[in-house]
Amino acid sequence: MKFVDEVSIRVKAGDGGNGCMSFRREKFIENGGPNGGDGGDGGSVYMIADENLNTLVDYRYTRHHEAQRGSNGGSTDCTGKKGEDLFLRVPVGTTVIDASTQEVIGDLVTPGQKLMVAQGGWHGLGNTRFKSSTNRAPRQTTPGKPGEQRDLKMEMKVLADVGLLGLPNAGKSTFIRSVSAAKPKVADYPFTTLVPNLGVVSVDRWKSFVIADIPGLIEGASEGAGLGIRFLKHLARTRVLLHLVDIAPLDESSPADAAEVIVNELTRFSPSLAERERWLVLNKADMVMDDERDERVQEVIDRLEWEGPVYVISAISKQGTDKLSHDLMRYLEDRADRLANDPAYAEELADLDQRIEDEARAQLQALDDARTLRRTGVKSVHDIGDDDGWDDDFEDDEDGPEIIYVRD
């Protein structure tokens, strides 16, 4: 299945139905009064968070969505039928943005959550509405109001408690396979992981948390190297980050250099995301001798001037993974308790979350504008005319805002 986490669509709410001009005409009632009914309201467009969806691929090929128009009013004071609302189902974790103003319309973060994105047009009035003591036979009606039309950008972020980041082949996918039932592809070449993978880590029968594995970063990712930094947005809503470092790389490169690359790329993407609680996890400890392992671990700690938690593990042999999982669960529980009981801490985290969202969105918008400039010479997608920015030749639109990878 294709994994799409960003799409642009146009939604149009239904227009309101027109009011009717009609007069009562029956036998023996030659001059009956007005009886024209009102039109029906136009249908609105809603988005609903569906926990069974994990991609926005359906909206890549169908970009125009329109709700039903309200019916016109009828004679004998018949009111027109309301247009049917249009419900668009999207994955949980989808942010809906007005493409013209960059205003966030809403976040769909809970299953079943509903968000109106386009208001249906108001119904027109029939001539009955204009009857008065001085105007017994009004010939005045009003047309229905047009439904709201919007160009929207939808961004999906996976919802997870813990996020993994590191260079390609740092062992992120092996780690998530080790601690959960998820089975992401594992191989001995870079960029084995092309899309985010989620796994549920069960610490005991009643306690669990969700962990997210994203494609690896390389030096220069913020300038587009490798798979770029777009996938870092999926870490924006995590509660803690695990920075995995391979201390036994096959190319005999420096683990300290590798760790420093990740910190630099993370900071370039979002300085606030770099402030998120982050634990250092040094992987593949079973592949080096104890003395050499300790030396490499200390080198990484010294290079990063690290003062946070440090774990030395082997994901493939599950050495140290149980302790790490239990410590993560304990941290998440303590964090939840503190959020509930410490308003100042809750406010501090809310401010951090908002800064992360704003910085991530600004970074992604800058990448989109740069790509648009390369393709069209237009400085920003917002400078494109009303219909000029809509290219229905999807197969050739390789540089659009949608990012597509194939999930094996």
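Think of each number as a place in line: the chain as shown, counted from 1.
Every residue gets a Cβ built from N, Cα and C, even glycine.
Feature list (source: Swiss-Prot):
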- 1-159: domain 'Obg' (DOMAIN)
- 127-148: region 'Disordered' (REGION)
- 166-173, 191-195, 213-216, 283-286, 314-316: GTP binding site (BINDING)
- Ser173, Thr193: Mg(2+) binding site (BINDING)
- 385-408: region 'Disordered' (REGION)
- 385-401: compositional bias 'Acidic residues' (COMPBIAS)
Quickly jot the same-chain residues contacting the region 'Disordered' (127-148) by Cβ under 8 Å, restricted to those at least six beyond its ends, or write none. 12-23, 31, 33-39, 42-44, 67, 69-70, 72, 77, 118-121
Which whole-number value in Å describes the distance between the Cα atoms of Ser173 (Mg(2+) binding site) and Val195 (GTP binding site)? 11
What three-state secondary structure does DSSP assign to Gly166 (GTP binding site)? coil
From the DSSP assignment alone, can you count helix, strand and coil residues within the region 'Disordered' (127-148)? 4 helix, 0 strand, 18 coil
Let me know the model's mean pLDDT on the domain 'Obg' (1-159). 90
